[in-house]
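K.L.:
Reproduced below are the annotations present in TrEMBL:
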TRANSMEM  A:6-29  transmembrane segment
TRANSMEM  A:41-58  transmembrane segment
TRANSMEM  A:64-83  transmembrane segment
TRANSMEM  A:95-115  transmembrane segment
TRANSMEM  A:135-159  transmembrane segment
TRANSMEM  A:188-209  transmembrane segment
TRANSMEM  A:229-249  transmembrane segment
TRANSMEM  A:261-278  transmembrane segment
Amino acid sequence: MSVLDTLIQGILLGGLYTLFAAGLALVFGIMRLVNLAHGDLIVMAAFLILYLVTGLGLNPFVAALIAMPVMFGIGWALQYFVLNRTLGPDILPPLLVTFGLSIVIQNGLLQGFSADSRRIPIGPLESASINLGPIAVGVMPLLTFASAVLVIVALNVIFYRTSLGRAFRATSDDKVTAGLMGIRPDNIFAIATGLALVVATIAALYLGARANFDPTIGPARLIYAFEAVIIGGLGSFWGTLVGGIIIGVAQTFGASINPEWQILAGHVAFLIVLLFRPRGLFPRAVD
Amino acid sequence: MTILALKNVSKSYGALKVTQDVSFTLEKGEALGVIGPNGAGKSTLFNLITGNVLVDAGQIEFDGRDVTRENPMARCLAGVGRTFQIPQPFDKLTVFENLVVAGAFGSSASESDVTGRCADILEQTGLGPRANDLAGGLSLLQRKRLELARALATQPKLLLLDEIAGGLTEGECVQLVDTVKSVHATGVSIVWIEHVLHALTSVVTRLLVLDFGKVIGIGEPDEIMNSKAVREIYLGIDV
């Protein structure tokens, strides 16, 4: 039974990694921008939620709802005023700028919130669990996974069923021609990054409620997110979910063998997938 | 009434003068053909009109308004539609989605308002059967038609056609010319760059000749085709 237990815990953990990765996949899919500050932006959102919960006494879920539009605005402005200027045929400028941004955010958070390890208090939910047959499953991990699936479904609906999504795809296809069709690529890119940070806020809620965080943990979360996106095949949302689950399952199985192997096992799984499917599990047909 | 007026428009890339002091006007509902050898600056002229390239000097007026410094999106919303010499559909969108995107964003309308019109344009351009296929899988003729259809979806007052007949068979060319004629008949003004002269002259009422970025003639097609300058350029003979 412990194998089944480990598998389920792994899949649920994969939900968290999917949430880390979905925003990254969205931004990369639309504008080929690799945002090295994504992990730090998640941590920033977690501090924002923490501030709303401890400072104003709000329920963490309500706090996350309030943080979402704030993070959308930050993402929109970041893309519109900073990152749009870095986009072009050369891939280096966005990498350098987001790397710098990552350092700025980390140090800004250190300045504002100190290096202490924090946690978003969620009351009794923290330890609540429900019994599924012989296995007890935590309510928070279940909520995390359900949110991840919802986010992936929502992103797919937006991407393939709405006017905004068609504009996303058209701009991703050909920015110049999109401009001639009355689309403002700068604005479309800014909306995409805003949306990515809304997803990052959801990720931040579960990150901060399930484990301790401090201003420096962003880059490590970014690596899991990257691995999930790459395993999934860059830019495919369902692929990102599968990628997140693979990393999560590998980590829990690694940990069940030896706690020191948790992180290593995730990275090894990533390398194995790359070895056999260098373009990921669900690569784009044309690129 | 004048829909488009270029006044002493110039553009250089370094020492290369691609457009030199070009002036002409286009009346509402008129169809103007643009001819000239390769590298004469024909496509640059379109880029200047759509705003993809900004002029170094001179002025561009569209529909009674100075648009010289406006960006491509603003000009598209004002009613400038264009097709590309090398078709550039959004490959990862379906044929219908290509039109809907152009229709909704190109005329600031909601998608539900434009779907009916987009379906009509698909029929008009003969793309109905391919509506739900990805644009990336179309043949050359279909891609050229999609270029035209997508430009029409933005509800242009002025349509800029860049060599839409090039590379097509005679039969395909005739079909496309019929489509252009039907569009022109609805009152859309047209500027058409084309090397396939018989296709061009069956639609346009005036021809403009460009060479080395300069206008070397503008007038009735017959008069232009028989002029000394054009014969020198096209036939390479001294007359």
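Each Cβ is built from the backbone N, Cα and C atoms, and glycine gets one as well.
Could you place the listed features in the three-dimensional structure?
P.N.:
A Cβ distance under 8 Å defines the sequence-distant neighbours of the transmembrane segment (A:95-115), meaning residues of its chain 6+ beyond its ends; these are 33-41, 43-44, 47, 78, 82-83, 86, 214-216, 218-219.
Same-chain residues lying 6+ beyond the ends of the transmembrane segment (A:188-209) with a Cβ under 8 Å from its Cβ atoms: 16, 19-20, 22-24, 26-27, 30-31, 35, 38, 41-46, 48-50, 60-61, 63-64, 67-68, 71-80, 83-84, 87, 118-120, 122, 125-126, 140, 143-144, 147, 151, 155, 158, 164, 167-168, 171, 178, 221.
Counting same-chain residues at least six beyond the ends of the transmembrane segment (A:261-278), those with a Cβ under 8 angstroms from any Cβ of the stretch are 224, 227, 230-231, 246-255.
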K.L.:
Using a Cβ cut-off under 8 Å, which residues of the same chain at least 6 positions beyond either end of the transmembrane segment (A:64-83) come close to it?
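P.N.:
Contacts with the transmembrane segment (A:64-83): 33, 35, 41, 45, 48-49, 52, 58, 94, 97-98, 101, 186-187, 189-198, 200-202, 204-205.
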